[in-house]
Amino acid sequence: MSDRDQDGDKETDTTESAPPILPRQTTRDKKIALALGSGSARGWGHIGVIRALHDAGIAPDIVCGSSIGALVGASYANGRLADLETWARSLTTWKMVRFVDVRITTAAMIDGGRLRMELSEVIADQDTLIEDLPIRFGAVATKLLSGREIQFTQGSLQEAIWSSAAIPGILPPVRLDDEWLVDGGVVNPVPVSLCRTLDADLVIAVNLNGNIIGARGGDAKKRSARPARKHSGGKDGREDSFSKFKESIIRHPLYPFPLEEPEDIKAGVKPPGMFEAFADAINIMQDRITRSRMVGDPPDVLIAPHMAGIWMMDFTRAAEAIDIGYASVERLLPEILHQIKMAK
């Protein structure tokens with residue numbers, strides 16, 4: 001939750017801190033791994049999944065992630081999941097606007113430098129190494145020129161996170177060893193294979209895109225039903241200019257966060273907007289890749305939270321996504337416990 005100050009141009013964060021949740025080494029013979037899939041804003045659901053598993057007494061020995069799954073998984077492996085949850089729950093549209101770069105000449109919509117600087121204070125320090133984490137961690141990214149998968153199991157945690165989460169067009173590619181790296185979800189949306197590489201005996205996979213295909217119509221309707229954002233007028237020239245500046249950003253054609261849609265779009269007369277079409281294409285691609293890869297390397301347990309109502313850029317809906325993730329584990333808990341028992 002946040003409140004506007006009297007000037008109307010700042011926010012005071014009143015979000016309560018999330019209760020701590022820390023990784024821990026186990027003494028079990030069989031190693032349990034968690035494969036956290038890509039899904040942009042739906043990835044906040046991974047926080048709920050991890051919380052539900054911990055509440056059930058299940059602490060993974062290995063965590064691997066792709067895209068936002070790498071970001072959430074890294075924060076958990078580094079003992080900072082509660083900090084990330086608090087940050088995610090505090091996000092507002094105004095806060096997200098700060099990260100948007102509306103210049104068409106830039107490589108991506110989101111200013112990676114600003115976001116990386118802020119999240120580095122939340123998730124991990126610049127010098128944090130993967131091999132120094134209390135539990136094993138891995139992330140996947142994609143080599144842009146060759147299309148090959150690259151796996152991060154040692155080295156800089158920050159480089160692993162931002163390489164894996166570099167959604168083309170949304171976050172800028174990462175340069176590493178003469179290679180441009182982009183989102184891991186392009187080649188391996190749910191990295192079950194990486195969990196096996198790290199010697200997992202039982203893999204619990206979380207696929208955030210399995211219930212999305214074919215649901216865009218209802219999703220768009222739900223988004224369009226939200227009240228229009230209100231932009232307060234200023235008491236003087238300064239406030240009026242500031243309001244116009246905010247309006248120019250929010251109404252920019254490349255602004256990625258959903259606004260109330262005109263009546264003709266609600267009625268289905270016009271085609272989906274650029275970002276809706278882009279999101280649908282990403283969802284279809286990642287769902288098909290995930291299905292194909294899981295045929296050859298299936299997880300022992302597959303969790304598929306019902307995320308169809310959350311758009312890929314709905315980062316301000318963290319509370320809802322976390323609840324959905326938590327509930328998805330509760331529904332499958334008997335199966336999860338059974339599989340763990342069978343693995344012993």
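Placed from the backbone N, Cα and C atoms, the Cβ positions cover glycine too.
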Correct range for motif 'GXSXG' (source TrEMBL, candidates 65-69, 110-114, 125-129, 270-274): 65-69
For Asp183 (active site, proton acceptor), the three-state class that DSSP assigns: coil
